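*Asks:* According to Swiss-Prot:
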- 1-19: signal peptide (SIGNAL)
- 16-211: coiled coil (COILED)
- N133: N-linked glycosylation site (CARBOHYD)
- 164-192: region 'Leucine-zipper' (REGION)
- 223-345: region 'Disordered' (REGION)
- 261-277: compositional bias 'Basic and acidic residues' (COMPBIAS)
- 298-313: compositional bias 'Polar residues' (COMPBIAS)
- N301: N-linked glycosylation site (CARBOHYD)
Amino acid sequence: MKFNAAHYLLPLLPALVLSTRQDYEELEKQLKEVFKERSTVLRQLTKTSRELDGIKVNLQSLKNDEQSSKTDVQKLLELGQRQREEMKSLQEALQNQLKETSEKAEKHQATINFLKTEVERKSKMIRDLQNENKSLKNKLLSGSKLCGIHAEESKKIQAQLKELRYGKKDLLFKAQQLTELEQKLAVAKNELEKAALDRESQMKAMKETVQLCLSSVFRDQPPPLSLMPSNPTQMLHPPRTVASRIPEARTKSKPQPSSPGHHDSSQVQATKEESRRPSVCGPQDEGSSCLVKHEEGPQSNSTAESELTTQKLQMPICSECEEKKGPENPSASFDGTPAREEKLL
């Protein structure tokens, strides 16, 4: 049976083969088309897979963005709460500051008012001080004028002081000269004391000669020559020598011309000393002469004694030749003794 079936099928083989070939070709074509479609589908699938991958990535990024946005939103919410809290604290601080500033403004206003009163008071004080300054300026001007006057006076006083210094030097020099004069006068006084004994004896002889002259005049008889010394010049020689020594010493020790103030003071002292001298006049000498007793120091006493002795010794022996002695000059000072001696000589 089996062989019969195959025998029947053999003539059908080429047709089957052709049909199969055609079928195969069609199948191949279909397969090719299917492969093409498959390749296109695969391509599309790859594209879609890539797109899906991108979409997945985008979704993940979106998810991440959402999470980050959520975190950001939470952070923003937290920041908003914090800012609200900070704003509340800032408002409270601002309110406190406003209160403090208002209090400070009130204090500043009070201080401004106080300063205004102080400024007004100080402006008054400044006005008073300006008035005082004006008065002080006037006083300074007057004081400057007085200072100028005092400066001129001080210049004059300085000039006077210079003159006084020069006068002091002159006075010192004159004091040295006076000490030298005192020494010389002491020497002359010693010499006069030595010659006093001789003068007393000579005075006795002179008295005797005067008595003899008077008796000879009244009796018209010549005086006895035996009582008189043989040479009258020998009697008068020692006092003349002493009197000549005194003016020589005075001329040698005569000081230089002094300043006018010192000369005036010496004249005043001399007038005071001579005013103190009491004048002794006898009853018999009222019309003729009057002796003056000098109450001076040791220098003036020695000079006065020498002058009186020279005057008595130089008198003429005759009573008719007696000279009338006038009063001494009260203004004569120590410097005027040489003039007196010249008159006596």
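The backbone N, Cα and C atoms fix where each Cβ goes, and this holds for glycine too.
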*Asks:* Just to confirm my parser: what is the rounded mean pLDDT across the region 'Leucine-zipper' (164-192)?
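*Replies:* Result for the region 'Leucine-zipper' (164-192): average pLDDT 84.
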*Asks:* From the DSSP assignment alone, can you count helix, strand and coil residues within the region 'Leucine-zipper' (164-192)?
*Replies:* 29 helix, 0 strand, 0 coil
